[in-house]
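Notes to accompany the following structure.
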């Protein structure tokens, strides 16, 4: 007989799903796919099943990191209105259950990556999850205003892992993708921190606007935005992307600088930069895939 799933069961499933930080997972997964596709169009090949498994493992590993982060940050999540609706502060999931859930997903994702893909990808995935869950969440976030800068490396690993899943090595191309996300992270999160500086201060988190003030934060946002703009052109200069990427990256970068300058002039416009930065990363990495596909297609025709 079929058993009807109760409303309580569905709410529990939704709560566990929320622990994974699905919006973050979607962006992480997309950047990982970009790394894998770029490796493929660069002449490296791997079985489709292993590549698909790698992307799945990266998504699960990212979700595990999100769950472990929510476990450790449950005290400050309850203080901040932006995070107070998360499953643990709401009492939908116990801290112990969240911890076990995160650790199990972490172990399974790394083990499957090791068995079905390759050792390098498994090592990189384990480092990325550890970096975010322990180095950033436990040691950096509550201790230094540079938490986002140093901790930003965790979110920059996925395209490198995607590349390694196909190529089985770390190429210059994947390092540039890593650097793009690394430099994207500070202006993205500091824009949000400008909006919620009062809540961060109340929670005891030394975000840059809290420790150094609004003016210094706006200057840092602008500086990192300039560095991001320059770095986004590197793929074309290093000849692993073509003219299509160059044109789109240049335009996207100019718009990013426009929003960053607006924030520098008026911090109240910080959320426009925050929302655009998410769109920026999706479009930039999307055009990586498009450009690589177009270049390969043209090469076959010539």
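Yeah, the Cβs are placed from backbone N, Cα and C, and that goes for glycine too.
Features as listed in Swiss-Prot:
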type	residues	note
TRANSMEM	24-44	transmembrane segment
TRANSMEM	48-68	transmembrane segment
TRANSMEM	97-117	transmembrane segment
TRANSMEM	120-140	transmembrane segment
TRANSMEM	147-167	transmembrane segment
TRANSMEM	174-194	transmembrane segment
TRANSMEM	221-241	transmembrane segment
TRANSMEM	245-265	transmembrane segment
TRANSMEM	282-302	transmembrane segment
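Touching of the transmembrane segment (147-167) and the transmembrane segment (245-265) is ruled out by the presence of fewer than three CB pairs under 8 A, sequence neighbours closer than 6 excluded. Panel annotation: around the transmembrane segment (245-265), residues 187, 191, 194, 218-219, 221-222, 225-226, 228-229, 232-233, 235-236, 272-273, 276-277, 280, 283-284, 287-288, 290-291 of the same chain, lying at least six beyond its termini, place a Cβ under 8 Å from a Cβ of the stretch. Looking at 97-117, 174-194, 221-241, the range that has the most CB pairs within less than 8 A of the transmembrane segment (282-302) turns out to be 221-241. Residues 16, 19, 46, 49-51, 53-54, 56-58, 60-61, 63-68, 70-71, 74, 87-88, 125-126, 129, 133, 165 of the same chain lie 6 or more positions beyond the ends of the transmembrane segment (97-117) yet place their CB under 8 Å from a CB of it.
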